[in-house]
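Peer 1: Dropping the structure in here first, questions after.
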């Protein structure tokens with residue numbers, strides 16, 4: 001089976017031949033100083049297309065929120081995986097991302113024939129896999145996974161903001177912004193902060 005996803009800037013993606021069920025996998029949250037790295041795996045239904053899939057970062061919040069339930073409803077299977085802040089500190093962010101991706105794929109209620117991973121590294125998997133640079137723009141399954149992962153993590157940051165409103169998590173989503181740095185300097189770190197990340201280590205005096 002050969003499918004193509006067209007992009008104005010990138011070459012069309014040629015799906016590997018000889019496979020039927022493709023899972024797209026993407027992550028959100030490698031860069032933030034707080035919270036989990038969240039991954040999603042999605043197997044789309046070719047007979048039930050979803051309009052408007054692209055890299056989640058290129059969509060408005062409103063559009064992501066509209067696509068989120070549509071993907072959940074129309075996909076053949078979808079699953080979330082995650083590594084919490086303490087796991088990131090133990091493993092490092094790259095390895096934690098790989099583990100979270102493994103968890104997302106393992107959670108699918110349909111086993112894919114092939115995993116398409118956004119980026120340039122494939123975790124150890126029980127099926128064939130391929131890393132796709134800019135995959136969230138080139139591969140519909142990865143686009144869908146990026147939307148599921150981002151909406152999920154953004155909602156978690158909004159919940160964390162309710163518990164710790166002084167940090168502004170709903171606005172910066174835990175990323176290393178000036179406002180976040182200032183909040184850490186003033187209020188210290190919380191249990192969800194990643195202690196292995198340099199800005200957090202600096203505040204803790206363990207650099």
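Cβ atoms here come from the backbone N, Cα and C positions, even for glycine.
Since this is a predicted model, take the numbers as computed values, not measurements.
Got these off Swiss-Prot a minute ago, pasting:
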type	residues	note
DOMAIN	20-207	domain 'RNase H type-2'
BINDING	26, 27, 118	divalent metal cation binding site
Peer 1: Take the Cβ of residue 118 (divalent metal cation binding site) and count every other Cβ within 10 Å, whichever protein chain it belongs to.
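Peer 2: If we count other Cβ atoms within 10 Å of residue 118 (divalent metal cation binding site), we arrive at 27.
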Peer 1: For residue 27 (divalent metal cation binding site), list the number of other Cβ atoms lying within 10 Å of its Cβ atom.
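Peer 2: I get 27 for this one.
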Peer 1: Under 8 Å Cβ to Cβ from residue 26 (divalent metal cation binding site), same chain, six or more residues apart: give me those in sequence order, or none if nothing qualifies.
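Peer 2: Listed in sequence order, they are 39, 40, 56, 117, 118, 135, 136, 142, 145, 146, 149.
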Peer 1: According to DSSP, which kind of secondary structure is residue 27 (divalent metal cation binding site) found in, if we only use helix, strand and coil?
Peer 2: strand
Peer 1: Other residues near the divalent metal cation site, CB within 8 A of the CB centroid of 26, 27, 118?
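Peer 2: Along the chain, the qualifying residues are 25, 28, 39, 40, 101, 117, 119, 135, 136, 142, 145, 146, 149.
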